[in-house]
Structures are given as C-alpha cells and as structure tokens.
C-alpha cells in the first residue's frame, strides 16, 4: 500500500466480461471455512471503516446495522459495543460460531421457522443476531429494515450473475435516511477469476444509482504479498457511500 503507482480506475480494465459466468456454490463457501481459507477475514477490522466511521454513523444512536455475508467480522462487536443493534447473515455456521467464541460472547440458537434448515444465533445481550442461511432466503424471515449497511466482502463475493438480485435485496432492507458503505475491488479480471470479484464503478452505479446518491469516498492500493498468487500486481479498493435520493 501507499506506493507511488497511479491508482487505476476500473475503466482501465476493459474486459468486464471475464468473470461474468463464474459461479461459486454455497457448499464451496462453506468448505472455505472448514479448510480455513478465509484470507478475506480482517482480525483488526477494516481500516477504511475506522477512518469513515463518523461519516457512516453521523452521530446517531441506537441504529440498526446490517452486515451481509458477515462471516466473523470483528466490526459487528464494535457497533454492538457502541449501543447499536447488529444483524448479520452468513451461510457458514462455523463462521458464526467462531465469531461468538472469538469475541467471548455467550449466545443462544434457534431455528428460523420461515426458512427450513436455517438458524438464528443471538448474543445473550440481545443486540447481535446472526442468521445462518442463504442471503437470498433472508427476506422470508421478516428481519425488518436497517439504518446502516456495511457491505464489505459481500457484493464482491456474490456471483456476478446474481448482482442485480443482490442489490434488490439490499435496497429492500433500507429505512428512510439510510447510509450504506460499500467496498469493492479493481484489478485485472483476466488474471484472477475471483472471488473477490472485480466490480466496476459503472456496475455500482447501475445497481444502486436509481435509488441512491453515490459518492466514492476513497481509492486505496491494497496490494499485499498474498495477491501475487492471483497473478496480479495491483489491486485497488474503492469505498462508496450511498445515501437516499
């Protein structure tokens, strides 16, 4: 990070079709957790979220905050500790249990009656509820609306063919006055198949622009040694803020 290379915009990678047919099954995601292939997890939390936390929360109290494809994101406890109510969805039961264990939180679990085979895990404090199910089944559980959505590792993990369906679900969960932070990546998609998938600025605007004002807050070169195995030499993270039009 932070070298002198120019930050490339997504338009400099013209082959936006390279990943369009790429599909990962839910079983493959669950296997990543079983096999500890969770390089996407950030033990110290997300640095750009820390930087823009005040912009995201806007000084408001007792918000409902949604974490799509939450994994064991440490930021869920950050928000709960600040007095907010956190709801997440994750296909891996292992990931959810790891979250509660690693954060030293006691919890209960119960079936979600509206979704066969699904469960909800609730912290004993009552302000963290994690749904173990397919995200696309979640609306059937009537989880209500949210003031804030933190979308990191979610849109970029959804199969490209499911993005419109995904954005429709996300927008259906927003309350009036919502604020939505989205993190996406730009890299050469002909060299790495994903996930995380390459998402262009144009795609972000197509998916969310009809309902949201869209502001790109920052672009950061996040290239690390592990990215060399992807066959790339640069990866740019873009952080967007969506607000209600």
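The backbone N, Cα and C atoms fix where each Cβ goes, and this holds for glycine too.
Within the same chain, residues at least 6 positions away in sequence whose Cβ sits under 8 Å from that of residue 69 (S-adenosyl-L-methionine binding site) are 89, 90, 91, 135, 153, 154, 157, 158. As annotated by Swiss-Prot, S-adenosyl-L-methionine binding site applies to 29-40, 69, 90, 152.
According to Swiss-Prot, the substrate binding site annotation covers 40, on the basis of similarity to another entry.
The feature N6-acetyllysine is assigned by Swiss-Prot to 58. DSSP assigns residue 58 (N6-acetyllysine) to coil in the three-state reduction, outside any helix or strand. Neighbour density for residue 58 (N6-acetyllysine): within 10 A of its CB lie 12 other CB atoms from the protein chains shown.
The distance from the Cα of residue 31 (S-adenosyl-L-methionine binding site) to the Cα of residue 58 (N6-acetyllysine) comes to 38 Å. In this structure, residue 31 (S-adenosyl-L-methionine binding site) is part of a helix by DSSP. Long-range C-beta contacts of residue 35 (S-adenosyl-L-methionine binding site), restricted to its own chain and to partners at least six residues apart, with a cutoff below 8 Å, are absent.
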